[in-house]
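Record features, source TrEMBL:
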DOMAIN    331-436  domain 'Sensor histidine kinase NatK-like C-terminal'
TRANSMEM  6-25  transmembrane segment
TRANSMEM  37-58  transmembrane segment
TRANSMEM  64-93  transmembrane segment
TRANSMEM  100-118  transmembrane segment
TRANSMEM  138-162  transmembrane segment
TRANSMEM  174-197  transmembrane segment
TRANSMEM  203-222  transmembrane segment
Amino acid sequence: MSGYVYYITGSLIFVAVLNSGECLASPWKLRRERFALRFLLCLAAQFVFAFPVTLGYYAAAEHIVSAVAVNAVAVLTYVLMFAVSLAAIYFCYDMPFRECVLSGVAGYAAQHICYNIYGLANYGDHMLMAVYKLGMVSGFILTSLIQLAISAVVLVIVRLFLPPGVNAGGVGKADVTLLAAGTLLVVLVANAVLSIFRAESAPLAALSSVLLICCCVFILFLRSDMLERRRLSRELGAIDSLRAKELRHYEQLRSNMELVNVKCHDIRHYIDSARSGVDLDELKRLADIYDSEMKTGNETLDIILSEYRIYCSSHEIIFTALADGKALGFMSVADICSLFGNILENAVEACEHVSDPQKRVVSLNVRNVAGQISVSEDNYFAGELRFSGGMPLSSKGDPDRHGFGVKSIKMIVEKYGGTMDCRVTGDLFSLGCMIPVPVWKRSKDQG
């Protein structure tokens with residue numbers, strides 16, 4: 001068989017494995033319409049493109065004496081094919097080019113791992129010599145199938161341990177550029193340099209393959225860490241935004257509550273002096289609802305509980321709260337607002353979907369137990385409650401707030417060194433938090 005057939009076949013396998021790796025590293029939900037057709041067209045176009053550039057590489061390898069020059073041509077050849085694959089990602093996925101580069105980096109690193117594992121399997125060319133005893137054509141086909149089989153196994157493993165990133169658009173240009181440059185430096189330049197020396201001995205070739213595999217694995221983990229840090233940064237920003245909004249709501253609510261209390265006081269005096277013309281019992285009931293502010297010993301908690309007590313009363317939800325607000329004195333106003341606001345918001349929202357009047361109940365208990373603040377909340381719910389990572393998933397349709405309420409609760413509890421636990425018994429949801437009281441707070445209370 002002619003030498004150029006080996007070169008072209010190698011390029012076709014390279015394109016197939018590279019595109020498969022890039023596809024696995026790209027978010028499924030960002031695929032464009034008619035993705036399968038787009039992907040097949042791009043793959044076919046890359047196969048066609050691989051022919052002339054590979055023939056140029058083959059001609060250089062046959063006629064250029066300098067190994068350095070031949071490797072330089074090889075680097076240029078694979079850079080061109082990689083660049084075309086990035087354009088293919090952009091054509092198949094609805095995401096910014098920066099994210100396409102991140103997918104391309106993962107795909108190329110995975111492909112290079114496959115390439116070097118095949119090199120290790122063929123240590124000292126023993127596998128090739130054994131296979132080609134079957135005949136040139138049969139041996140050529142079998143070695144190609146072995147490469148594809150190794151690549152398939154490696155790609156599956158990469159996909160299991162390094163799932164595709166999402167929301168990578170916020171990763172800085174400098175980070176993406178540095179990661180892409182580092183990847184090309186490893187898979188092309190370093191590989192080209194090492195190939196000059198590893199031809200001298202099989203052990204050196206095996207050592208260089210192991211080294212390159214380790215570098216590519218590091219690149220994959222570095223990319224995943226970059227995406228994870230960006231995801232956490234986005235979540236933290238969203239939670240901070242929610243907490244700021246909750247604090248503004250609390251300040252407005254406190255102002256309104258003071259005004260309502262004054263008006264209720266005036267209405268009560270009016271009721272005492274009125275004799276006819278109005279439904280005094282109904283008016284007094286309404287006044288009692290708005291004037292019955294919760295008294296827990298913590299003004300912030302009082303206002304939050306009073307708000308939900310009023311809301312539950314008007315929505316036929318039974319709300320009971322037994323709280324020692326004085327024990328929360330070590331927590332900031334913002335943290336109290338966010339913690340109890342999110343707990344009660346989730347509970348009330350769940351109860352609103354319950355049809356049984358006897359189960360439209362929200363119960364909250366806050367107490368100091370042996371130097372620990374125990375927060376327990378129970379409510380019934382309708383339908384199915386899904387969990388992820390030990391936390392219930394939000395049922396809201398707004399993706400920007402999906403699950404952030406529960407994450408905010410957990411983050412605040414852990415901020416004070418506490419723990420949070422959620423459990424379901426039938427159709428009853430229970431949330432429990434244990435927060436240690438700081439030593440200075442306990443000493444102050446005892447003094």
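Every residue, even glycine, has its Cβ placed from backbone N, Cα and C.
Curation plays no part in TrEMBL annotations; they are all automatic predictions.
The shown structure was predicted, so the numbers you read here are calculated from the model rather than taken from an experiment.
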Composition by DSSP (helix, strand, coil) of residues within the domain 'Sensor histidine kinase NatK-like C-terminal' (331-436): 37 helix, 38 strand, 31 coil
Chain residues in Cβ proximity to the transmembrane segment (174-197) (below 8 Å; excluding those fewer than six residues from its ends, i.e. six or more beyond): 67-68, 71-72, 74-75, 78-79, 82, 98, 101-102, 104-105, 108-109, 111-112, 204, 208, 211-212, 215-216, 219, 222-223, 226
Candidates 64-93, 100-118, 138-162, 203-222; stretch with most C-beta pairs under 8 Å toward the transmembrane segment (37-58): 64-93
The transmembrane segment (64-93) touching the transmembrane segment (203-222) per 3+ Cβ pairs under 8 Å rule: no
Within-chain partners of the transmembrane segment (138-162) [C-beta distance under 8 Å, separation at least 6 from its ends]: 1, 5-6, 9, 13, 16-17, 20-21, 24-25, 106, 110-111, 113-114, 117-118, 121, 127-128, 131-132, 220-221, 223-224
Averaged pLDDT, computed only over the residues in the domain 'Sensor histidine kinase NatK-like C-terminal' (331-436): 85
